[in-house]
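Asks: Once you've had a glance at the structure underneath, I'll fire off some questions.
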């Protein structure tokens, strides 16, 4: 016990059964030299105070150098607040507040040892059997009773102290501890604070990061409650909010090894896209991080967002201003208290003897040495005169937490005032109901306070004892301002108000740098997320006929639409048809017009010379039928190119195969007649049946009726209509996609429509081959044969071209042109070989268009017999026999 806390050793005399003499010695030591150094201010009600008057000492030494701002300024702020309250007739009238103020030396374990002073009066002691040598009970002075504690400063110190004060129900109000852990009401129910917790600060920092458009940052924390809790709060809030990823989360050790900060910078550069660094660290760690960044030539790369430990302080960035340029920092909203400035600058060695550490502050502030008994004067250092004045002879700036120290003392005073009003109505001074002050009841009054603090802002607490979050946002700027330094660029009070246009970055650039894992995808690109890292993705273009449904999904446009150029939606596919002005139409139309003119000319010639021998010999009836078919073949070109409609589609079905059917039916009838005549002549002199003109027409019309019957059945099964084919012209590049307006005739139906005519053509060709031996002076067998041979070649060329272009994006144009040109060529072949020579003779050689001797069927039979013999002789000649060909002239 003496080693842990000598202050309470007197309470353990009975426990260790010490003799009376030693008991008196402990009493004397405890009440004199071993009493911890503290400030005692007498009063009716005593408040405790915990301040980091000294820094943490080296190993083995609890305390180090005096801390001027965080220690002395804050301590004096409490004494200033007590003076103000005690002189205020409206606040705790006739009650004087006293204080017992202790030094924590910035160390949690030392602070715990010191804070046991506050609980001595609450430890129950049984001194009934403790007697000194003369039989009298030991003289044990009654320890002062502390009703509440102001402090501590660091979160780790407050956590340690709060665990003890909770056991004895002593309320505690901190002026600087911001760790989120202290908001846990179940563990720290007697803890309150006038500064907002780091959870609010973390929310404010998250809002700042999002306002700047960052989604990929690293975190850096000093080991300890403040740094680790702050980063944990930031990470938790960012996870709940979404949209922000932590690239690296690095902890700075309490005792960094040499080169530790260089390793930290190297780790941060492993995710170099995460330029934003959220830093919850103490001043020394911040400074060394900046030094390491500068050493690595990374000035301007990292974009720091600092917590209130950085705030608007100069010390962390001194000599590292270029690295810190652009750093955004946060600080609880505060104001400089003019009354405190007047109070503190008037303090001197003579009028401030109650502050036992003021002499140390004086020496450190004025860089001089006081002459004190037992202290050897340090050579080379000037002697303090005592006439020095703060602010006049030394640099002075009010410490940032002074406002909160004053507010914490006033919060305790207002709670005591409300408690006194309720428990001691009309009583002067402390009444019996407040002697002693019950800690749990005082806590309820503390949570109920609501007043304007020293800076004019409201002071209040929520159910967890936390103050509202109010922050000022600063940015360290060096360019385009007369005095480089921190500039207020916004506030956060439950929501962010940030002036982005006032922000400046390295080199005075006003464009906010980016700290993102992946840059936004271009228009029409979807995000392909990286597994496990929701802020990182690869951009993939929605290709083909896809559009961007949402930022993660590409979807196909409807069949009748194509994507917009930026692929954010779909647009209707343009509808086209074969235009008359198209090159694909001009050539077929030109050929068709020529063919129609030629056919019309032939028909007109035949009509004009209808009774001439050549016209009669060619079989006038079938010739007119054949010429009609040829005319219809040319005419179909215009129907194939015309804009599709129900009527046009119907006429296409009707005339597409009809013209060829008429032509080949007539030619087939002719070749069949010739073939039957000459075959019959070989057998007998009796003419075959159905060779008269009337019979020939009937046979022709029977063959044509088959085509018409098929077409009308087709009409009944599937009425003609138009369609828009969006698949025909759908190339890989959707910009060239077109919907083709066309009739509902597929490639198969088109071929089926022509198939009957092709059968007639093939049959006619077969008969033409069989009739090839007939003398050309007798009939049209040979011209028809040549016509059919040529026609077959034309249509054989048509088939591969037609079906070979089925996958082409210009299928309709190519197939339509191929079909119409092929039909026109076949009609031209028929017209040219069968009728042009006759027209030529009729017009240019009328002398040959005269009546010749009429041949009988017997003569025809004789001609056939001669023809047969000639064929046999020709065969024999080929076998080596030399024969003389007879004269065939008649």
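Even glycines carry a Cβ here, placed using N, Cα and C.
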Asks: Can you identify, from 520-541, 542-563, 696-717, the stretch that TrEMBL calls transmembrane segment?
Replies: 696-717
Asks: Examine the ranges 781-803, 850-872 and name the one recorded by TrEMBL as transmembrane segment.
Replies: 781-803
Asks: When TrEMBL marks a stretch as transmembrane segment, which of 654-675, 720-741 is it?
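Replies: So the range that TrEMBL calls transmembrane segment is 654-675.
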Asks: Please find, within the list 484-505, 748-769, the residue stretch that TrEMBL describes as transmembrane segment.
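Replies: It is 748-769 that TrEMBL describes as transmembrane segment.
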Asks: Within the domain 'G-protein coupled receptors family 3 profile' (584-858), what mean pLDDT does the predicted structure show?
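Replies: Across the domain 'G-protein coupled receptors family 3 profile' (584-858), the average pLDDT comes out at 82.
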Asks: Among 584-610, 654-675, 748-769, 781-803, which stretch has the most Cβ pairs under 8 Å to the transmembrane segment (622-642)?
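Replies: Most contacts with the transmembrane segment (622-642): 654-675.
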Asks: Sequence-remote contacts (6 or more beyond its ends) of the transmembrane segment (781-803), Cβ cut-off under 8 Å?
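Replies: Same-chain residues near the transmembrane segment (781-803) but 6 or more away: 667, 670-671, 674, 747, 758, 761-762, 764-765, 768-769, 771-772, 774, 814-815, 818-819, 822, 825-826, 829-830, 833-834, 837.
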Asks: What same-chain residues lie close to the transmembrane segment (823-845): Cβ under 8 Å, and 6 or more beyond its ends?
Replies: 588, 591-592, 595, 598-599, 601-602, 605-606, 609, 612, 614-615, 618, 623, 626-627, 630, 633-634, 636-637, 659-660, 663, 667, 780, 783-784, 786-787, 790-791, 794-795
Asks: Would you mind listing the long-range same-chain contacts of the transmembrane segment (748-769), meaning Cβ under 8 Å and 6+ residues beyond its ends?
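Replies: Contacts with the transmembrane segment (748-769): 653, 656-657, 660-661, 664-665, 667-668, 671-672, 674-675, 703, 706-707, 710-711, 714, 781, 784-785, 787-789, 791-792, 795, 819.
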